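Beneath this line is the structure, given in structure tokens, with notes to follow.
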Amino acid sequence: MSRTDDILHRAASALEALPESSARLEAELLLAEATGWTRTSLLAWPERVLDPAGAERFAALLARRLAGEPIAYIRGRQGFWTLELQVTPDTLIPRPETELLVEIALDRLDARRPLRVADLGTGSGAIAAAVASERPGWSLIATDRSAPALAVARDNFRLLGLERIGCLRMDWLKALASDSLDAILSNPPYVAGQDPHLDRGDPRFEPRSALTPGGDGLDAIRAIAADAGRCLRPGGLLAVEHGFDQGAPVRHILANAGLLAIETHRDLAGLDRVTLGYR
């Protein structure tokens, strides 16, 4: 049997081989998952000895991570905004840059009004849940064409006490009434179909349909923008996430759809990430 600090040191050394791995943090998360101990207790009692059953569970989790499986799928959850969400291989793993969509919604929309907001392609429900958690007076709708993804979103809303969020299985805006929304938020698939990053790192394990619509990657944004003017009320907001090199074409798409006051916002890395426009 080995001490906790020795186990963490060896695991972190092994995880250093993975690209973009926060090796020590991931070792701690996996050991906490295997033992039921908190990360704080792991650090507070480094001399604690792991029993054989715990060591076996940890070895199995570590092997999955060393094979490239995302740690969010191994643990079954991922932090987003101030929330912890369930995730499965049926859903995209929520990423920090997507929080910019939440920030824009909270900043640009009137918190005093009972607004109706849609999160298109909700996946795990991250965007809808984050916005609903901050604006209890707003009505939220989460849509996805994937039934398994929508089931994960429903579970997250239930666990977070956000059952008021409506869930609809559909393609983008097709089933929504005209002039029914004050805002549309979406992190749609936007990676180009031949992008080599699809076959590297976490995306290898994520649902391909949540990452790319094929072609130049912009077909989903075209479909959303084309129907946004019908569904948005006058003055309503459309905000979509996109790739760092897609700001200009997305602005063009929104302009061609008749949206106004179009602007692109950068993420914390200084990269174009969200473009918005108004009806």
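Keep in mind that glycine also has a Cβ here, set from the backbone N, Cα and C atoms.
Other C-beta atoms found within 10 angstroms of the C-beta of Asp144 (S-adenosyl-L-methionine binding site) number 27, with every protein chain shown included. What TrEMBL lists as S-adenosyl-L-methionine binding site is Gly121, Thr122, Gly123, Ser124, Gly125, Asp144, Trp172, Asn187.
Per TrEMBL, substrate binding site is recorded for Asn187, Pro188, Pro189, Tyr190. According to DSSP, Asn187 (S-adenosyl-L-methionine binding site) is assigned to coil rather than to any helix or strand.
The compositional bias 'Basic and acidic residues' annotation in TrEMBL covers 196-207. The helix, strand and coil residue counts that DSSP assigns across the compositional bias 'Basic and acidic residues' (196-207) are 7 helix, 0 strand, 5 coil.
Taken from TrEMBL, the feature domain 'Release factor glutamine methyltransferase N-terminal' covers 6-76.
Positions annotated as domain 'Methyltransferase small' by TrEMBL: 106-199.
Residues 19-20, 68-70, 72-73, 89-93, 121, 123, 146, 149, 188, 219-220 of the same chain, all 6+ positions outside the region 'Disordered' (194-213), place their C-beta atoms under 8 angstroms from a C-beta of that stretch. If you look up TrEMBL, you'll see 194-213 marked as region 'Disordered'.
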Candidate nearest Pro189 (substrate binding site) in space, where candidates are the binding-site residues Gly121, Ser124, Gly125 and distance is Cα-Cα: Gly121
Count of other CB atoms lying within 10 Å of the CB belonging to Thr122 (S-adenosyl-L-methionine binding site): 32
Residues of the domain 'Release factor glutamine methyltransferase N-terminal' (6-76) by DSSP state, where helix covers H, G and I: 49 helix, 1 strand, 21 coil
